[in-house]
Amino acid sequence: MAANGSQRPIIAFMSDLGTTDDSVAQCKGLMHSICPGVTVVDVCHSMTPWDVEEGARYIVDLPRFFPEGTVFATTTYPATGTTTRSVAVRIRQAAKGGARGQWAGSGDGFERADGSYIYIAPNNGLLTTVLEEHGYIEAYEVTSTKVIPANPEPTFYSREMVAIPSAHLAAGFPLAEVGRRLDDSEIVRFHRPAVEISGEALSGVVTAIDHPFGNIWTNIHRTDLEKAGIGQGKHLKIILDDVLPFEAPLTPTFADAGAIGNIAFYLNSRGYLSLARNAASLAYPYNLKAGLKVRVEAR
């Protein structure tokens, strides 16, 4: 029986391996060999190599879109070949949905049962946002030679310590038998900057540049704006890195900004405050990067 309780096991695969050689194909070939009939969905293989925080952003919302029991094989492994092992966790999708309840109860066909999913990843912080947004039921260090090679290739732990065991788990191998159970303190996490709210002003950071469009994503969520009394139509001043100000109303779409090139403030598909130019790049002309400070003021 597959991990999702059906005859069609699913692995969603994210990595930094790229698609210019056969690395991803090797991983997927092993997945199909170990778990015949598996459906392997490519999430992304072009993330910035070794960027754990970027990878974490790509995997946190996945349970909203996949059937219960899906195995998420997620990897960027800068410490390949070292004592850094993989961790396998069972998470339960939040009752209000994987992205703070955006679609909960909407009846639009996207809401899933409050069921469990398995993530497997290097224990290097990649699961930070997953664990914070969803919580988890149980976590294990992946060490059993029933699911990983006895002598793993030291330069390719993404294959040996993530792809291979993900296939065994998708095929129904018991999660509790992949290795010893981990205490919460043993799961590596990175620091996530907090959003500060003072009246109708908020402070946060740029979390990502939305390639290839050049839009700017922040860590300020819809719920943070609501706490500050800010909603659609509110005119805002947003200052980046203390020196670069932009002004516009918060609107649902880019087109609401008007002419091409006009500034648009909007909530991205993940529910976070973002900045853009209508049909043009905002980030690239200024060479803006993740990590910049963001200040939002209602006007």
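Glycine is treated like the rest: Cβ placed from N, Cα and C.
Over in Swiss-Prot, the protein carries these features:
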BINDING   ASP16, ASP21, ASP22, SER23, TYR77, SER158, ASP210, ASN215, SER269, ARG270, ARG277, ASN278, ALA279  S-adenosyl-L-methionine binding site
BINDING   ASP16, TYR77, THR155, TYR157, SER158  adenosine binding site
Checklist entry - Quick one: what's DSSP say for ASP210 (S-adenosyl-L-methionine binding site), helix, strand or coil? => result strand
Checklist entry - Between ASP22 (S-adenosyl-L-methionine binding site) and TYR157 (adenosine binding site), what C-alpha distance do you get in Å? => result 15
Item to check | ALA279 (S-adenosyl-L-methionine binding site) to THR155 (adenosine binding site) - Cα separation in whole Å | outcome: 42
Checklist entry - Taking every protein chain shown into account, which of the binding-site residues THR155, SER158, SER269 has the largest tally of Cβ atoms within 10 Å of its Cβ? => result SER158
Checklist entry - List, in sequence order, the same-chain residues at least six positions removed whose CB sits under 8 Å from that of TYR77 (S-adenosyl-L-methionine binding site)? => result THR84, PRO122, ASN124, TYR157, SER158, MET161, VAL162
Checklist outcome for this item: Quick note, ARG277 (S-adenosyl-L-methionine binding site): same-chain residues at least 6 apart with CB under 8 Å of its CB -> GLY214, ALA257, ILE260, GLY261, ASN262, ILE263, ALA264
Item to check | Length of the line joining the Cα atoms of ASP16 (S-adenosyl-L-methionine binding site) and THR155 (adenosine binding site), in Å | outcome: 14
Item to check | Longest CA-CA distance among ASP16, ASP21, ASP22, SER23, TYR77, SER158, ASP210, ASN215, SER269, ARG270, ARG277, ASN278, ALA279, per record bound to S-adenosyl-L-methionine, angstrom | outcome: 39
Item to check | Alpha-carbon distance [SER269 (S-adenosyl-L-methionine binding site); THR155 (adenosine binding site)] in Å | outcome: 36
Checklist outcome for this item: Cβ proximity for ASP210 (S-adenosyl-L-methionine binding site), under 8 A, sequence spacing 6+, ordered by residue number, returns ILE216, TRP217, ASN268, SER274, ALA276
Checklist entry - Out of ASP16, ASP22, TYR157, ALA279, which of the binding-site residues is least crowded by other Cβ atoms within 10 Å? => result ASP22
